[in-house]
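*Asks:* Residues or ranges marked as signal peptide by TrEMBL: B:1-25. Taken from TrEMBL, the feature transmembrane segment covers B:167-185, B:225-243, B:249-269, B:281-302, B:314-334, B:346-379.
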Amino acid sequence: MEKLYNDFSFGLFFWQAIILVILILLLVKFAWKPIMESITAREEGIKDALLAADNAKKEMQDLQANNERILQEARLERDSLLKEAREMKEKMIADAKEEAQVQGQKMIEQAKASIESEKNAAMAELKSQVSSISLEIAEKLLKEELSNKESQMKLVEKMLGDVKLN
Amino acid sequence: MVISNKSVSLIVSVWMSLLASAAIANPTTDSTQVSTHETHAVANDSTHANAAHEVKTLTPEEEKKEKVTAFIEHHLQDSHDFTFFSDEKEGKHYGFSLPVILWDNGLQVFSSSKFHHGETVAEVNGNFYKLYHGKIYKTDAAGTITYDEHHHPTNQKPLDFSITKNVLSMLVVSAMLLFMFISLANSYKKGPIPSGFGRILEPLILFIRDEVAIPNIGEKKYRKFMGFLLTVFFFIWLLNLLGMTPLGINVTGNIAVTICLATFTYIITQFSANKEYWGHIFWMPGVPVLMKIALIPVELLGTLTKPFALLVRLYANITAGHVVIMTLISLIFVGKNLVSDMPISLGLTLFISVIELLVAFLQAFIFTMLSSLFIGMAVQDHHHEEGHH
């Protein structure tokens, strides 16, 4: 302790106090203040920039999500449209098939009917022709038969015979 | 570059053998080891030793040790001139003298060259002064110095305001700090990021702010104290580092310097203290009235012990570092075998020097840290108080 007391020099203490006060004042004015302000300003700037970047990112994400949603909607719509079209197609095909069937059936019926009527007409004509032909034949035959007396008599007798039989 | 294994092992083995030979062949190294421990004790009453010097003749061995001790002692103290090295045989000192400013019935200003390194009496305006163990005493033309029974000079000591080696060192360091940090401040005008050396300084400033000031003082109040904390941190650190150079400067290992630094912390702490701080000192809440009165002197003493711890810590650490390094270097001069002592001395000195580099930073950091802690204790709001009400 005595050594410490002996070592203590008031002059040194005095000068150091003065130097330190002046040094602190000068450094505060010309160095620490501008340095701290610049650093603070820079840090604020960085903080703001980071915040802005974060916001931009969020916005971007929102936008992306929106896009995704719209795309999804479009996809759904497309799917439903396709489905509808497919259904319509199938329905149309089915309808057409059915109509064709009905039409065919109808045509077949008509054909059948016309065939029947043609057949009937043909039959009727055939009948009339056959009767006319047979009348002609009969006429011819009668003309031939009745050209002479004898034969006429024979015929009448035959016929009378027939009638009797009846 | 390729270093073969062989040559490396050769170097190692030579080194080891040198170590071994030093340990065996040189028993005197032991006594030098002791001298490191005794340095303080011897330094304490070096005046006795010097007195003894004249009475009985010493062996050259002892004389050498005396000289080393005196040299270390001299190095640790402030001086009135700046000596880089001196030639003892020719009595020449290489360096420059500094102005001496004394207050002795008026201002006495003269160059320290008048003392001739304490060898002659300086005569200024009819007054005679003599340099004795780094201190200036008023004396007569013959330079007589009278001693008391403890062998302390009883001569009148004029108030000494000289620009000593330490004052000059502080001025140089202040100029360096001003240059470094003003140029850093100016570099911010060019852009948000400093360039050059400022890139090293800025992280240090941020370190003091983020690791020292804000945690200890608080986000709201730290800004006011940053100027003091930053100045003190860089001032101490740079002075500590300057002490590591071979210029022979030992500023922060001087008790007057650390007392001044601690006084600043003390004054700032007391003047920025809030009501709660004083309340805790003069009327400790939550204890009986008798205890409150008893605690007043204890608490008042407590405010003084804090800066006292600061000043002693810095002083002791730096002084110890200087003593150890100088002692290790002087092993070369005390030991008998130069070849074996040199590597040991240099190796150990290098090792301690690296530690001292760390200590230089650490002590500056601790001083700043504790200062901000004490300031923080004085200014912070005691939130736990509100819990009681």
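Even glycines carry a Cβ here, placed using N, Cα and C.
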*Asks:* At a Cβ cut-off of 8 Å, and with pairs 6 or more apart in sequence only, do we get at least 3 pairs between the transmembrane segment (B:314-334) and the transmembrane segment (B:167-185), yes or no?
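*Replies:* Contact criterion not met.
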*Asks:* For the transmembrane segment (B:225-243), find every same-chain residue at least 6 residues outside the stretch whose CB is under 8 Å from a CB in it, and list them.
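*Replies:* For the transmembrane segment (B:225-243), the far contacts come to 169-170, 172-174, 176-177, 181, 204-205, 208-209, 212-213, 217, 249-253, 257, 261, 264-265, 268, 272, 314, 318, 321-322, 357, 359-361, 363-365, 367-368, 371-372, 375.
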*Asks:* In the same chain, who gets a Cβ under 8 Å from the transmembrane segment (B:346-379) while lying at least 6 residues past its ends?
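*Replies:* For the transmembrane segment (B:346-379), the list is 208, 212-213, 216-218, 221-222, 225, 228-229, 232-234, 236-237, 240-241, 243-244, 252, 261, 265, 268-270, 272-274, 277, 306-307, 309-310, 313-314, 317-318, 321, 324-325, 328-329, 331.
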